[in-house]
Amino acid sequence: EEPVFLRKKITLLRAFSLLIGSMVGSGIFISPKGVLKNSGNVGFSLVVWFACGLLSMFGALSYAELGTRITKSGGHYIYILETLGPLPSFLFLWAEFFAIRPANSAVVSLAFGRYLLEPFFAPCAAPLPAVKLVSLLGYYMVLTLNSWSVTWSARVQTALSVVKLLALGLIIVPGMMLLAQGHTENFQDAFDRQSLVLDKLPLAFYAGMFAYSGWFQTSFVREELIRPERNIPLAVIVSVITVIVGYMLTNISYYTVLGAQDVLASPAVAVSFVQRAFKSLISVLPVLVALSCFGTMNGGIFTFSRTLFVASREGQWPPLFSMIHIRRHTPLPAVMLMFPLVTAMVCIGDIYHLLNFFSFSRWLFIGLATLGLIVHRCRHPELQSPFKVPLFIPVSFTIICLFTVGMSFYSDPVNISIGCTMVLSGFPVYYLVVRRQMSDRCRSLFYYLTHKLQLLLEVVQQEIKTY
């Protein structure tokens with residue numbers, strides 16, 4: 001009865017909510033421990049948090065320019081494809097599907113389960129099997145929501161963005177009140193050189209950048225944005241500045257109330273903070289944190305499904321995943337594809353090992369995407385972009401990303417080697433499956449299975465181009 005395609009439903013407010021909702025999630029509530037542990041002292045950990053925020057702003061501005069130059073959705077994938085070519089883009093897609101996205105989703109899901117159950121078992125830690133069960137239930141709820149409606153996914157994201165800022169406010173206010181009263185004892189010898197651990201510094205940056213990750217989310221849904229050439233830069237700049245200020249004040253509050261040793265000893269930093277500073281909120285704040293994680297899961301599924309959708313449309317992924325539900329107008333197959341891998345990683349994974357595991361691949365390809373911006377500028381000097389950043393911003397961001405990725409081999413060789421192997425395993429797949437033509441028999445079987453799944457899921461190809 002009407003054309004089937006992804007509608008432009010993301011306004012400036014929804015874009016801002018998507019960015020805030022993706023950045024402020026589990027990271028600020030679990031990463032302080034990782035940043036402090038791998039930086040060595042309170043003062044240097046705060047420097048790392050600010051540096052991560054500044055680095056995120058550089059990356060966000062670079063991606064904002066890419067979003068005005070390249071008019072397709074797909075984020076990292078489409079930027080690498082359009083600037084560096086099909087092989088690097090497929091390697092990203094391979095690593096993103098099998099390592100980066102499921103591990104990232106598992107980390108956020110586990111944080112959701114832990115914080116939701118923590119008040120019921122305090123002062124003891126929640127049982128791990130119960131945490132994993134609740135984590136999976138939360139993830140499945142988000143899958144269902146994104147399969148059902150784009151509009152409702154966006155509305156939930158907007159509402160949860162308000163909840164996230166409220167959760168940060170409940171941490172910042174009591175901490176700042178104590179600091180104003182002169183409680184500065186936890187900042188004595190904040191830059192103690194004896195506790196500094198420079199060899200673990202890349203892991204501290206990974207933990208901090210994980211907390212800020214999400215500044216690139218609008219690039220995944222570029223085709224669904226209203227006035228993207230204006231709204232992408234505006235949403236990016238305002239949201240990243242808001243998060244930097246919020247994260248710095250939140251960490252100062254943590255250290256004012258808890259101190260370094262308590263932060264390192266806590267399995268859930270925000271819960272320990274409330275137990276010490278605001279006992280009347282002991283059952284409220286963990287629920288707000290869990291809702292923040294829920295919003296991050298929602299934003300992650302919303303955007304990653306568009307990566308698979310675009311990759312399928314570009315011919316590097318099975319065509320079923322570029323299809324849209326005939327009534328819901330959602331990319332249903334792409335949304336549902338992550339279900340088994342995330343389930344497996346939640347069942348077998350640990351938050352901090354998963355964090356190091358996927359961070360290597362993620363920042364390698366983000367660095368390559370901003371390198372692609374430099375290449376695109378050199379190849380197309382005649383192209384007039386409506387938003388342009390100084391060249392030193394993408395150059396600095398690319399160098400820092402690739403340097404951090406290289407240094408991480410020394411800091412955590414086991415997990416980083418696994419991540420590197422995962423990326424390299426995409427080479428034979430690309431040459432044997434993507435570039436090589438299938439035989440007529442295999443092609444007939446493939447299209448037969450695709451057709452049957454298409455009928456089962458009630459999905460069809462997009463009927464008009466929106467890019």
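Positions of Cβ are set from backbone N, Cα and C atoms, glycine also.
TrEMBL has this to say about the protein:
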- 12-30: transmembrane segment (TRANSMEM)
- 42-64: transmembrane segment (TRANSMEM)
- 76-100: transmembrane segment (TRANSMEM)
- 120-142: transmembrane segment (TRANSMEM)
- 162-183: transmembrane segment (TRANSMEM)
- 203-221: transmembrane segment (TRANSMEM)
- 233-257: transmembrane segment (TRANSMEM)
- 277-297: transmembrane segment (TRANSMEM)
- 332-354: transmembrane segment (TRANSMEM)
- 360-377: transmembrane segment (TRANSMEM)
- 389-410: transmembrane segment (TRANSMEM)
- 416-434: transmembrane segment (TRANSMEM)
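Most Cβ pairs under 8 Å to the transmembrane segment (162-183), among the stretches 12-30, 76-100, 120-142, 360-377, 416-434, belong to 12-30. Distant neighbours of the transmembrane segment (416-434): 86-87, 90-91, 93-95, 98-99, 315-316, 356-361, 364, 408-409; these residues of the same chain sit at least 6 beyond its ends, with a Cβ under 8 Å from one of its Cβ atoms.
For the transmembrane segment (360-377), the most Cβ-contacting stretch among 42-64, 76-100, 120-142, 203-221, 233-257 is 76-100 (pairs under 8 Å). A Cβ distance under 8 Å defines the sequence-distant neighbours of the transmembrane segment (203-221), meaning residues of its chain 6+ beyond its ends; these are 10, 15, 18-19, 21-23, 25, 27-28, 31, 34-35, 37-39, 45, 48-49, 51-53, 55-57, 59-60, 63, 66-67, 73-76, 79, 104, 107, 228, 231-232, 235-236, 239-240, 243, 247, 296, 299, 302-304, 306-307, 355-356, 359, 362-363, 366, 404, 408, 411-412.
Recorded stretches compared: 42-64, 76-100, 233-257; the one with the most Cβ pairs under 8 Å to the transmembrane segment (12-30) is 233-257.
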